[in-house]
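Copied over from TrEMBL, here are the features:
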DOMAIN    35-176  domain 'Potassium channel inwardly rectifying transmembrane'
TRANSMEM  72-96  transmembrane segment
TRANSMEM  108-127  transmembrane segment
TRANSMEM  147-171  transmembrane segment
DOMAIN    183-354  domain 'Inward rectifier potassium channel C-terminal'
COMPBIAS  359-369  compositional bias 'Pro residues'
COMPBIAS  497-511  compositional bias 'Pro residues'
COMPBIAS  524-535  compositional bias 'Basic and acidic residues'
């Protein structure tokens, strides 16, 4: 439909084949563009007040920015006024000296300017002098000092006017604006998938064989919006990423290229769908900059795309073809597109749909433990593992004793003696610690806990050390009590998981040995038997 609007205009009618039925298409109000398709910015400055004097201060740039008709008018008027003023000054000098009427002078009289009798002759003299023509008929003489001064002033003023006006016209003619006329942009932008990602794309091309050096492209989204604080921002500008991070915005523009903007969570079009595109109002401004290879001047080409010029589900037709010895570009297909299968929903809707249909639970959600006997059995296993880990920690502590100082080793060895007495149930003479009860029936983990509760270092003769281990029969309402006092008695209640478990007495295993006390070596070679006998 956008192609029909461009061809037939905004006001058109879709007429059915039946005579009695006529359907009128809704006429959309023509949208005001911020940047025209040819790159001209549709902005006018008004109510400047006293700021207009700034244009006079930068007169050269003001003249260059004027249109050609105003430049030509200023050029002609400046030279015409300068010639008339200077010719009038030469005529005034001749009139004051009496050179206009030479009949009153004798033959020995020398005029200021020879052969200047009226204003036309004075005008011709100025033109011959300014243009350095010098026909030789009219010339200034040495008897006129005021004429010599006027001649010097005329030369200086003529050089300034020539430099100003000719330089202005040269800059005006050499501006690279016309070079931008040979840089093409596609008439429409398209939205379709590329490499599995939804992208906004448009096409650029260079009609000349001369290259654009260091060509770079940028995109701006022009859209009015309102901030959460209630501030209205008309024509707010937002940058569109066209490959700034990957270097895709640096173009080698020798053939038409398709510029791509990936629509992702960082894109302003993250929530844009085919349905919402019909109700949106925005404008995409494209700016292509580069250095003209022939002149070395910077050139900038611009265009824009409104929401009506963005085609959803379209793709550009290819324009490159391989010929014999070269590649051919068919610019007749430069603006043409064709439809492709494209999702109608936005990227935001697609991600929300995937998050809802995902079978995996989101990370960070705790899972509840199993109930029933399975949970209780797993709790017992965890408590048993904690006892085993205590055993492993004790072995690690014994390995680290070799690195302690001598005084700490002595204190640790004293602790080990106490631990051994608790395990074996015996006491050596002279020891002040006593153990009562049957310690051998305690589990190994409980014995280690008892030994670990004893302080590891005490001074000799300072504190009375006393260790008592009391084992009570486990029953309902009773637990195992561990009593340990250093100067005074302290009691700890053991958890149910660490209650002593009765175990059968281990049966000693006796290995029969030969009469000689050695190992049987009947099957050994003679040499090994002799070596064993020598031992």
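Placement of Cβ uses the backbone N, Cα and C atoms for every residue, glycine included.
The average pLDDT the prediction assigns to the domain 'Inward rectifier potassium channel C-terminal' (183-354) is 93. Helix, strand and coil content of the compositional bias 'Basic and acidic residues' (524-535), in residues and according to DSSP, is 9 helix, 0 strand, 3 coil. For the domain 'Potassium channel inwardly rectifying transmembrane' (35-176), the DSSP counts in helix, strand and coil order read 91 helix, 4 strand, 47 coil.
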